[in-house]
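Peer 1: Below are the features I grabbed from TrEMBL:
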DOMAIN    54-320  domain 'Deacetylase sirtuin-type'
ACT_SITE  H181  active site, proton acceptor
BINDING   C189, C192, C213, C216  Zn(2+) binding site
Amino acid sequence: MYNLYSSRENANPSARDIVRCLLPRIDLPESISDEELYQIIRNIVYSERPKRIRLPQFNSFDDAVELFRRCNRILVLTGAGVSVSCGIPDFRSKNGVYARLHMEYPDLPDPTAMFDIKYFQKNPKPFFEFARELFPGRYRASLCHYFIKALEDDEKLLRNYTQNIDTLEQVAGIKRIVQCHGSFATATCRSCGVKVDSEAIREDIDAGRVAMCRICNQPEGVLKPDIVFFGEDLSDDFHEKMAEDRNKVDLVVVIGSSLKVQPVALLPYNVGEKVPQILINRESLPHYSTDIELLGNCDDIVTQLALALGPPYTDIFKKGHTANCDGPMLKKLVVRKIMDEKRFKVGFSWQYQLLNQPPVKRPRLEELPLMWDARHVSVGLKLPVDGYLFVSPNKNIFPGAEMYYDKDSDSFHQLSDHYHSSPASSYSESEENEDAVCDIGVRTLSLEESSIHVEECSERCVSCPPALNLETDCETISGNLKPLFPANGSEEEDSTHELFKT
């Protein structure tokens, strides 16, 4: 699409012209509206994600540090993960925003409906209830935000494209910013079109009221914050800046985004094929072939990058804060050292041997999930305080990563969500409660889907115990074995074989 825009830049093509270019053999009825034509364009352009070939010379954390040192036109794409540590309330946890709003607005089908323009036109109240939770001025920027600001101060930042609407980039002082999905900085009347500063609606937002225009005083005059809702087009600024930047960038860094929501998700595919790319995220993205994966809590990884790069990047520890830490942090920090797979697995060898001992007795049904979960180790929770794990070819795993070691198959996996729901696996979430807040501060809730990489465990994989119906199976086995073990003595004597005695 960017190539198409560029090639017709001077022609200023209409939606009909673009569709004719994309579908030259189709006769377009004159009755089709521009809105319908643009929807056709979106469906064509975004129906299949482009392919990217990974650059094999970039793999390790040290490679990432060297890229940050030598590159001077770094394009950073940020998602909800950069704001997780800022204390912004989440959507999907038990007491999250959506759970509370759904009680009051039962017709709210899911959290994304708050950002659906058609639902907003019908009922803007849920959005304004939500807006009170995220309105600017309530939260401080994270270490990730200040790291990006340090790149800008070091004249290395080409642009920060953010999917978030929390305006924490401005709090950190980042200037070279494109807010892909808009922000709360301004609001526009849905009736007369007047634009106002965010301060003009702050009182209404704080009270959870729908902000109304005082200029036109129309019933339809809702002052909607200038956030891009589902069903609305991105701003011209996004397309213009991307067309300007795509041929300048020498490094792409994706931080805290699942790259699910298009067209922003296509940004890493619209740069040169030789431009190296780094992913900083809690999990791998199966649809994104990045060069280096730095997996874990974004703030933790940025901390290690800053320590490796040295001043002025270590100055972020005087500015950046997390929800659980105030003040200078430098004295508390540890430089993590690499550990390979072999060293990581050594600590579980004796457990693995115990797990493979013949059972003394048949396990109870309720024990089967516990046995299965015991085979899977959360890598992030088992890392030493001064180490991170490198998994060939390009995974660098830090605390908070959604990565597990399967002791049965001797491999590393990202497990799909239903493996996290059993009592046995709840330990992996108890210390990493940020699982529930991955979709903070982003209009799109783009982190809601689990990403599965390396190997996806199917519902019945090699490490799962077979499904058993003990009552039926034992009756069948008992019937087959009775001829082999005839009863001796009187009829009153118990003839049940030892195999089936309780």
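Glycine is no exception: its Cβ is also placed from the backbone N, Cα and C atoms.
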Peer 1: Between C213 (Zn(2+) binding site) and H181 (active site, proton acceptor), how far is it from one CA atom to the other, in Å?
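Peer 2: Answer for this pair: 23 Å between alpha carbons.
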Peer 1: Which of these binding-site residues has the least crowded Cβ, counting other Cβ atoms within 10 Å: C189, C192, C213?
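Peer 2: With the binding-site residues C189, C192, C213, fewest surrounding Cβ atoms within 10 Å: C192.
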Peer 1: Looking only at C-alpha atoms, tell me how far C189 (Zn(2+) binding site) is from the residue listed as 'active site, proton acceptor', rounded to the nearest Å.
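Peer 2: Counting only the Cα atoms, the answer is 18 Å.
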Peer 1: Which residues, sitting 6 or more apart from C216 (Zn(2+) binding site) on the same chain, put a CB under 8 Å from its CB?
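Peer 2: For C216 (Zn(2+) binding site), the qualifying residues are C189, S191, C192, V194.
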Peer 1: Neighbourhood of the Zn(2+) site (C189, C192, C213, C216): other residues with Cβ within 8 Å of the Cβ centroid, in order?
Peer 2: R190, S191, G193, V194, I215, N217, Q218, G221, L223
Peer 1: Can you tell me whether DSSP puts C189 (Zn(2+) binding site) in helix, strand or coil?
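Peer 2: The three-state answer is strand.
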